[in-house]
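Below is one structure, written out as structure tokens; comments come after it.
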Amino acid sequence: MPSTQKPMRYGHTEGHTDVFFNDTGSCIVTCGSDGDVRIWENLDDDDPKSINVGEKAFSCALKNGRLITAVSNNTVQIHTFPEGAPDGILTRFTMHVNHVTFSPDGTKVAAGSSDFMIKVVEVTNSSKQKTFRGHDAPVLSLSFDPKDVYLASASCDGSVRVWNLADQTCTKSWLLLQKCNDVIDAKSICRLAWQPGTGKLLAVPVDKVVELFRRETWDSKFNLSDASITQPLNVVVWSPCGQFLAAGSVDGNIVVWNVETQQCIERMKHEKKYSICGLAWHPKYKQIAYTDTEGNLGLLENIGDVEKPNDKVASAVAKDYNDLFDGDDDDYLNGDMIEPPSSPKTGENEDDADDLMQPPGHNDDDDNSLDIGLIKASSGLLGKEDDGDDETGGFSALPPSSTQQPFYDGPMPTPRQKPFQSGSTPVHLMHRFMVWNSVGIIRCYNDEQDNAIDIEFHDTSVHHATHLPNSLSHTMADLSTEAILLACESTEELASKLHCIHFGSWDANKEWTVDMPKDEEIEAICLGQGWAACATTALLVRVFTVGGVQKEIFSLPGPVVSMAGHGEQLMVVYHRGNFLLLPFFELGLFTVLTSHWLLTLVNLFVITRECFLLLHGVSAFLGTPCYVDSEGIVQMLNRGLGNTWIPVCNTREHCKGKYDHYWVVGIHENPQQLRCIPCKGARFPPTLPRPAVVILPFKLPYCQVETEKGQMEEQYWRSVVFHSHVDYLSKNGYDFDENAKNQAVKEQQELLMKMFALSCKLEREFRCVELADLMTHNVVNLAIKYASRSRRLNLAQRLSEVAVEKASELAAAQEDEEEEEDFRQHSNAGYSSSATKWGQLPGRNVQQDQEVEDAEEIDACEEAEETPEVHKESKKKYVSPSKKDPVAPSVNILDNMTKYSKKTSSSGSRAVNKQNLPVIKPLTPKPKTKQVLAASFFQARTAASNSGEKIVEQREQKAGNESQETKVTAQENTENRRPKTGFQMWLEENRANILTDNPDLNEAEVIKEGMSRFRMLTSEERMVWTEKARGGSVGDSAEDKKRKRPTAEEDEVKKSQEQKSEDTNVSKKSKPLDPSTNNRLSSFAFKQS
């Protein structure tokens, strides 16, 4: 198969970067100008181990578990590998060291410096060193002879020299390079290399070609070049077998030759044409790792696979392969010699015998492939080893496999994720964050100079910054507004400890420590309001008070993964096995103060087998459980959908590079913010300098969010999800800000109304009805008016039916609520479970006035709700203009939806139950005045006899406190008689006919039937009734005054006089002791028809 080039990734800061593999090829090691040596498990490793060796690292080498680095303090240092522990200074120079390299046996190190000197030092005894002088400029590169006889060097003086290691003399010198004064001015760093094994050839990059010199004779054998090379070559490197040679140029080209045939077999161009400054060949496989001067790391795979194998070997292998099936196939395959490979990834039928064996030359890297080397070994084809491979061979097609490997025909389970602390960076880092949350930051420094913990608070009024010694080597920490919680692992002498610093305590003793039982390690810790908790290896969760009192202990169903606390809620994530080869977690929610489980069996899934949990916690505002996985997906618990998880943000969409990530430090519902730290080329940020926090928006993965419809749908359901936790809190007796809830409801209803208008424009009337099902009763009324103005009569009729259903639902809900709770609790605006009794309120008169106002609005509240802003004049004309009425001056229905939801709807619903009258909605685009008149007329006919007397009494009671307003209100109510419309007059005369034809109709259905029949009249007939209504309105009003008004006025005046006399007596007494108002309000509220 052809070679493949993987995308490059960020490795170090800008500058010279070196790269090589370890002895076994299991990891890639790089060093750069940032002073770090990073150990990568593979190119996709997002969390490489980092070893800081100095301010800047110029070169490094690795052999036999020893890491040699040339750093900016002019020294060559030794570190252990892979631990990274310092092991001393090998040698010193007067200027920077430009290149270091190991001898083939790893016993000596050669270093070349800008002070023109070369030193060869023994690793075990640095006092034994040899100095080579002769260059007249800084040394660029060095290379040991594989037979440990010679040392080759290149310098800025333009010369390439071969030194004899025994007598420290220069054996041969060529003037091949362009002269310069310093390494930074050199056109090429000229990294030369000896051929492995025999050392017969020395490869030197000279301008655009590679010159190869013979050993001993030191003459030029031949040159390797290619047309794709247009700039000088920087570095050359041999394959471990010595058959291939790779070179990298300053313009980003990598070329691979077959030295025996002198043919170019691979060409690669850098993505951005940066200079290639490091090349390393994998010791076993056909891979080349490379770095550039911008600090990026890349990988080439399957180098040289285009080459055909030797015909003789291929035919022998094919013959031996075919012989496998000469006899009884089943007996042979069931034998002990070769295990049949399994192919779970292919998904083919296992009974297909042809799929059990791969054809010759097949190159597959999975462990279940057939080992061609094993077949050849069994047939005696590989009798020659050692030097024979150098002549004929390249690489083995596959990594060596053991014949003793147990056979397993099935997928392997996913490794179990280790416990982690939310908001922390990996423990192996010397400088790390132990926790970063909404309260503050805890940093840990563990190096040669200091082993300490720094604590910083975002709000300094909580507590001042603190510096603590880390003598016990604490590895876990959590921070709250009350305390600091630390935990450490056990040692041979000490047990695992939980240490708490209760800085919020009022006494002098603010610290306490608890030792865990023997052989029990702390794996996760967390803090809440007044408590602390830890999870241990014994599958136990231990709960303590913040003062140190031990409380509950309970077992977990599986090993803990992470813990988080918020208020009195404790959340624990633990393992529950594997499901469909994916890690399967479970979350448990425990209330510490009441000591009971609120929620269990909430499953957490990750996307792929390689994915793992990165952060688990709760939102800072409402305490909603949430978690982040390694793919950058932020999931939040949706309690409104059966405790399911919903992705609310994908941080990978905001990353600029493939290997960039965002480290999440905070989640907030109000405002909707995801607080993260951008990490370039890594998963976790450095501790210094302090990283900057950025805010990412939440976005649910809905379809077609680029369209207007998709955007509004995403915004609506995001608001619903983010505020579903408020309902959960209200049901469980928690206090919260009702204004936030009201604002969310208002926002949701506005979005629904916008989607309704958009659907109307697109003529999607069925979709409009679906949206109306999600609206509140008040917004449905607004939607009916919008449909009427849009002349969509069928839609308005459908919406009227929806409005009737919602009104009946509100009435039924109100009845249920009245049975369970006292009516006086409606005065409380919050969702708190501890409601205040009516008689205990100090401001009782204010709430009495509010109830009186609600009673006054029984007939006019729906008109006030339905009237939009553009019809202010009509509203002022037909609605009672009481200045103290909070509903009458409303100009926007959406601004007052939450205000109506408690009181107005409940009063209206009781009126509906008494009269069985639904709200009359316009089915034709009639003038506003006629619709309001019709609705008020029919509502007055049925409601006046039942509730008129009570309303008058309550108005008079309110007038006892404010006599002037009572006079104005009584006068306005007396004059507020509305003229009849043509339809009303027609219905009065034809009501008997409608009831004769349909005796089972109630009042609402009679009105609907009457409206249908009235619309069937001709326009001339309707006009006659309209003119009759206009002409007779004056007469009717006069006749009403003659027949009805005097009686009503006399009764009202009489009652007013009686009420004034009572108020005069009552005013002399204390108002809270007067029971008349409560009795009247109660009788009005609970009166049944």
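Any Cβ shown, glycine's included, is placed from N, Cα and C.
What TrEMBL says about a protein is an automatic prediction, not a curated fact.
Secondary structure of the DNA-binding region (976-1030) per DSSP, as helix, strand and coil residue counts: 42 helix, 0 strand, 13 coil. The feature DNA-binding region is assigned by TrEMBL to 976-1030.
Residues or ranges marked as compositional bias 'Polar residues' by TrEMBL: 826-837 (among others).
Marked as compositional bias 'Basic and acidic residues' by TrEMBL: 950-959 (among others).
Taken from TrEMBL, the feature compositional bias 'Polar residues' covers 960-973 (among others).
Residues annotated as compositional bias 'Basic and acidic residues' in TrEMBL: 1018-1030 (among others). For the compositional bias 'Basic and acidic residues' (1018-1030), the residues of the chain that approach it from at least six positions outside its boundaries are 979-986, judged by C-beta separation under 8 angstroms.
What TrEMBL lists as compositional bias 'Basic and acidic residues' is 1038-1066 (among others).
Residues or ranges marked as compositional bias 'Polar residues' in TrEMBL: 1075-1089 (among others).
Per TrEMBL, region 'Disordered' is recorded for 328-424 (among others).
What TrEMBL records for 810-890 (among others) is region 'Disordered'.
Residues or ranges marked as region 'Disordered' in TrEMBL: 943-984 (among others).
Per TrEMBL, region 'Disordered' is recorded for 1018-1089 (among others).
Taken from TrEMBL, the feature repeat 'WD' applies to 9-41 (among others). Across the repeat 'WD' (9-41), the model assigns an average pLDDT of 92.
The feature repeat 'WD' is assigned by TrEMBL to 132-173 (among others).
Residues or ranges marked as repeat 'WD' in TrEMBL: 236-267 (among others).
Counting only same-chain residues 6+ beyond the ends of the repeat 'WD' (9-41), those with a CB under 8 A from a CB of the stretch are 48-64, 67, 69, 71-72, 79, 81-82, 84, 189, 277-285, 289-299, 657-660, 680-682. Taking DSSP states H, G and I as helix and E and B as strand, the repeat 'WD' (236-267) has 0 helix, 20 strand, 12 coil.
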